[in-house]
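Worksheet: one structure, shown below.
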Amino acid sequence: MSEEKRKDAVQVTVEFSGGLEMLFEHQRKLQISMAKKGEEVPNVAELVSHLCNDVMKDSRKDLFVLDGTVRPGILVLINDADWELEGEDQYELQEGDNILFVSTLHGG
Amino acid sequence: MTTVSVVESLRQQIATCETQLGYLRQQLAEAEHLQQQRRLRGEESVRRTTDYDPLAHDMSYGLSDDFRSEIFAALSHAEEEQQEQSVQRWPLDRTEYKRYGRQLIMPEIGLQGQLRLKNASVLIVGVGGLGCPAAAYLVGAGVGTVGLVDGDVVEESNLHRQILHSTPRIGMTKVDSARVALNSLNPNVRLISHPTRLSPESAIATFQPYDLVLDCTDTPASRYLISDTCVLLGKPLVSASALRTDGQLMVLNNPPRAKGDGSGGPCYRCVFPKPPPPESVVSCGDGGILGPVVGVMGVLQALEAIKVITAEQPGVNGNSVRPTPADSPSLLIFSAYANPMFRSIRLRARKPKCAACSTQASVTPDALNSGSLDYVQFCGSINPVNTLSANERISVDNYAKIRMEVNPFTGMEPSRDSHILVDVREKVQFDLCSLDGSINIPFSTVSSVLTKEASEVESKWASELRSHSDKPIFVLCRLGNDSQLTVKRMKELGLDNGGQRWIGDIKGGLRAWRENVDNDFPEY
Ligand SMILES: [Zn+2]
């Protein structure tokens, strides 16, 4: 069963920090399964739209996504590295990846 | 309390104060003496306002925190003066060997490291939750010169985390208050006051004399301004921030190479080219902050500053063993309630098209000095929410009448049950204090979207309000913004029965209620 599941989906861990967890019902860590479309592997852009459209229950969507991508002030980290080092939203998800969304803080 | 015990208590308090005054006078005399000595030695005199003296302030407005430290400070001055005759024999004063002994014997510091600290000057922008612990550790470690920038005064709500300030110094400028504490901690450090808010026009002149800058401020606009100024002047920047239970730390523009030199460290704009939308920015006043969380981040800033200052200079052959600082830029994330609490993230290098640190930079000294770079506009600001029409709103005074006044037609009955009062603050705030008879529907609950499946089984709160369709709904929050948005949302959900039922917000929220109606309602 799980063997079969692995063939047509990618399991990733999604984490939120810096207050973004409040937009996701105070969950800091989620296990997300992204379906493959045939040979096509889902990328981070698709993960972001899935999180925004299907997972996020808060109506304040623009606190997470603005103009079709993650809003300014949020860093996306793929396996503890800035996504700019990994191809940004075109990075193709791999089984077991850790995707961390960090909102910048300004308080002091 | 009986009259006798009151008299006795007053006598004791007076005796305590007199003793303390004696100590303060002694300390003042020592400090004046030390100041004179420094002038004789030809040191640049400390820049301070002529009419202000922190010790005199303590004498007239408040009581010093710790007698023992004052006495020791005074005694160490005396010792230091004795040493001045034999000052050239060793690289450090005898008192410095003693004071810094525990860090001097570490290979990471050693004699060269201590001398580098002594020759270093660090500017701390913001003397709040981050700046206080950062300043305390840098002054304690013997950084030669520490500058303090802040335009605010000490408030009671600062004291749970801003550890240099104290209860008697409420109302004093933060810069002056910090000077009192830091001077008592280590009188050998030269402290420089900049008791104003940093502005684009003043930034370059303020930063120029310093080797390193700590960003301990609390707004996006100041973070961009500080980073830009550091890039223009080629100074490394230690930047930290904190909110609720989380903190973040970055060492930026390190090493501070020339514009366009890819081997230099990234700046704040490389990491965050665009400012966050203003509605996503939450302050400590609105979101809350745990003292030790921001304290940890400030202490880490001091640590990173010490590492940068004492790092082996390239091309200099020192014989001390010192670890080389991590080359790749990183962001340290602290989450007090996560496991593990610390996480280090690899950051991007300098951005080839960065507006500040690339060859295509639009941020220039002229643009900054002339004030043509408007950081506040760049970061935007939230307009006060004003989405309702006048007949959807009620003042706190009129609402108080509805609550308190007897109904002229039915006699004695107060009309409290005649309506529904909805308080949309989060539950934790509602539990602190609330108006009698109010019901709590947190704004986060109101904002959560009704998915297709859930809209059939309507949210519990909405269906409960629907079941009392005859009673008007008054919506209340802390400051009067979320309440307006809630009124809008309730009407979208049709809770007003197509205009049959009145739904409106109480203008200015509980703050206005406290100011105009009930002064006893707690302020937090
Ligand atoms: Zn840059």
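For all residues, glycine too, the Cβ spot is worked out from N, Cα and C.
The annotation ATP binding site is assigned in TrEMBL to B:Gly129, B:Asp150, B:Ser157, B:Asn158, B:Leu159, B:His160, B:Arg161, B:Lys174, B:Asp218, B:Thr219. The Cβ of B:Arg161 (ATP binding site) lies under 8 Å from the Cβ of B:Gly128, B:Gly129, B:Cys132, B:Ile289, B:Leu290, B:Gly291, B:Val294, B:Gly295, each of which sits 6+ residues away along the same chain.
Sequence annotations record features per position, and here TrEMBL assigns Zn(2+) binding site to B:Cys267, B:Cys270, B:Cys354, B:Cys357. Secondary structure from DSSP puts B:Cys357 (Zn(2+) binding site) in coil. For B:Cys357 (Zn(2+) binding site), applying a Cβ distance below 8 Å and a minimum sequence separation of six or more within one chain yields B:Val231, B:Asn253, B:Lys259, B:Gly260, B:Gly264, B:Pro266, B:Cys267, B:Arg269, B:Cys270, B:Arg350, B:Lys351.
Per TrEMBL, the feature active site, glycyl thioester intermediate maps to B:Cys284. Packing around B:Cys284 (active site, glycyl thioester intermediate) is summarised by its Cβ count: 23 other Cβ atoms lie within 10 angstroms of its Cβ, all protein chains included.
For B:415-522, the entry in TrEMBL reads domain 'Rhodanese'.
If you take the C-beta of B:Cys477 (active site, cysteine persulfide intermediate) and look for same-chain residues 6 or more apart in sequence within under 8 angstroms, you find B:Asp423, B:Val424, B:Arg425, B:Phe443, B:Ser483, B:Thr486, B:Asp505, B:Gly509, B:Leu510. The active site, cysteine persulfide intermediate annotation in TrEMBL covers B:Cys477.
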Here the Cα-Cα span from B:Cys284 (active site, glycyl thioester intermediate) to B:Asp218 (ATP binding site), rounded to a whole number of angstrom, reaches 8
Going by C-beta under 8 A and a gap of 6 or more residues, the same-chain neighbours of B:Cys354 (Zn(2+) binding site) are B:Pro266, B:Cys267, B:Arg269, B:Cys270, B:Pro273, B:Gln360, B:Ala361
Going by C-beta under 8 A and a gap of 6 or more residues, the same-chain neighbours of B:Asp218 (ATP binding site) are B:Gly126, B:Gly128, B:Ser241, B:Ser283, B:Cys284
Filtered by Cβ distance under 6 Å to ligand 1, the recorded positions B:Asp218, B:Cys267, B:Cys270, B:Cys284, B:Cys354, B:Cys357 reduce to B:Cys267, B:Cys270, B:Cys354, B:Cys357
Other than B:Cys267, B:Cys270, B:Cys354, B:Cys357, the chain contributes near Zn(2+) (Cβ within 8 Å of their centroid) the residues B:Ser227, B:Val231, B:Asn253, B:Pro266, B:Tyr268, B:Arg269, B:Arg350, B:Lys351, B:Ala355, B:Ala356, B:Ser358
Reduced DSSP state (H/G/I helix, E/B strand, rest coil) at B:Cys270 (Zn(2+) binding site) is helix
Counting other CB atoms within 10 Å of each candidate's CB, the least crowded of the binding-site residues B:Leu159, B:Cys267, B:Cys270 is B:Leu159
Record-listed ATP binders B:Gly129, B:Asp150, B:Ser157, B:Asn158, B:Leu159, B:His160, B:Arg161, B:Lys174, B:Asp218, B:Thr219 have a maximum CA to CA distance, in Å, of 20
